[in-house]
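J.: Take this structure first; my questions come after.
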Amino acid sequence: MVGDNKTCSSDFTLIGLFTHGATSGFLFSIICAVFFMAMIVNGVMIFLIHIDPYLHTPMYFLLSHLSFIDMMYISTIVPKMLVNYLVGKGTISFVACTAQHFLYMGFVGAEFFLLGLMAYDRYVAICNPLRYPVLMSHRVCWMILASSWFGGALDSFLLTPITMSLPFCSSRKINHFFCEAPTMLRLACGDKAAYEMVMYVCCVMMLLIPFSVIIASYARILITVHQMKSAEGKKKAFATCSSHIMVVTLFYGAALYTYMVPQSYHTPIKDKVFSAFYTILTPLLNPLIYSLRNTDVTGAFKRVLARCQ
């Protein structure tokens with residue numbers, strides 16, 4: 001019993017993305033730049049939405065919280081990875097690994113639900129534009145936001161105890177750059193069938209609910225757009241949805257591989273690539289997609305610059 005407690009309390013070692021080879025310094029610089037750019041761009045997005053009255057709409061209210069979630073979950077992963085590279089070792093305590101897993105699952109789970117519920121906003125805007133102020137009232141927006149955070153918290157409280165209560169009695173080297181659930185499962189020893197089944201069911205439910213909202217919303221949107229007689233109306237409708245579709249595709253695509261594809265198809269290299277895509281690159285791409293493809297955001301940025309001159 002004492003030996004088990006000692007094993008559970010000992011440190012893990014994160015292998016990380018950096019191999020300390022010839023290209024490790026270049027890769028470190030890129031990830032460092034992506035992290036700071038993601039923080040700045042998301043911060044600017046939140047600032048613009050807060051300060052510009054033209055952006056005080058339900059869509060941008062939800063978008064500002066999407067940017068906040070992106071800032072939070074990239075901050076739970078990348079700083080530790082960069083510090084590990086600078087100090088030359090990748091140790092992480094059991095408590096720190098548990099905390100990182102808990103926060104990461106909460107923020108990513110909240111983003112899953114928020115992106116799913118943002119599809120409802122696009123559905124109302126296109127299919128029921130006259131009722132948009134009622135169906136997307138301030139109260140409804142806060143309900144969407146509260147539901148997203150509740151879903152993320154439920155994700156954390158369900159999966160973190162399941163993952164971190166596994167018997168880690170073999171090698172404690174994590175062949176990853178953070179404490180992600182599938183990688184921690186591979187590190188555990190003993191009979192993991194029950195743990196894998198519970199985790200798979202939890203992930204299916206967490207992904208299925210928001211994904212079903214997205215599919216249902218866009219099915220209704222496609223039917224409505226198909227019935228439109230105006231070519232200009234169809235173009236405007238697609239422009240309204242295109243940014244959200246791109247963000248959902250990027251985020252859900254990588255996450256579906258990580259949590260839905262059977263473990264037999266996973267390799268450490270693939271896991272690192274897909275995880276880096278949706279945990280490091282996506283927080284940078286999300287605000288860029290919404291801002292570069294959106295005249296409202298670019299217009300707000302120009303108005304703020306004009307005030308400063």
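Glycine residues also receive a Cβ, built from the backbone N, Cα and C atoms like all the rest.
So TrEMBL lists these for the protein:
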DOMAIN    41-290  domain 'G-protein coupled receptors family 1 profile'
TRANSMEM  26-48  transmembrane segment
TRANSMEM  60-82  transmembrane segment
TRANSMEM  102-120  transmembrane segment
TRANSMEM  140-162  transmembrane segment
TRANSMEM  197-216  transmembrane segment
TRANSMEM  237-261  transmembrane segment
TRANSMEM  273-292  transmembrane segment
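Help me see these features in their spatial surroundings.
T.: Within its own chain, the transmembrane segment (273-292) is flanked in space by residues 17, 31, 34-35, 37-38, 41-42, 44-45, 63, 66-67, 70-71, 73-74, 77-78, 104, 108, 176-178, 180, 243, 246-247, 250-251, 253-255, 257-258, 298, 301, which lie at least six positions past its ends and keep a Cβ under 8 Å from the stretch.
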J.: Mean pLDDT over the domain 'G-protein coupled receptors family 1 profile' (41-290): what is the value?
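T.: Here the mean pLDDT over the domain 'G-protein coupled receptors family 1 profile' (41-290) amounts to 86.
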J.: Taking pairs 6 or more apart in sequence, does the count of Cβ pairs under 8 Å between the transmembrane segment (197-216) and the transmembrane segment (60-82) hit 3 or more?
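T.: Contact absent: fewer than 3 Cβ pairs fall under 8 Å.
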J.: For the transmembrane segment (140-162) and the transmembrane segment (26-48), check the count of CB pairs under 8 Å (sequence separation 6 or more) and say whether it reaches 3 or more.
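T.: No, the stretches stay apart by this measure.
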J.: What residues elsewhere in the chain lie close to the transmembrane segment (26-48), defined as a C-beta under 8 angstroms and at least 6 residues from its ends?
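T.: Long-range Cβ neighbours of the transmembrane segment (26-48): 17-18, 55, 63-64, 67-68, 70-71, 74-75, 78-79, 81-82, 85, 280-281, 283-284, 286-288, 290-291, 297, 300-301, 304.
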J.: Any residues 6+ beyond the ends of the transmembrane segment (102-120) with a Cβ under 8 Å from its own?
T.: 59, 62-63, 65-66, 69-70, 72-73, 76-77, 144-145, 147-149, 151-156, 159-160, 178-181, 206-207, 209-214, 217-218, 244, 247-248, 251-252, 255, 279
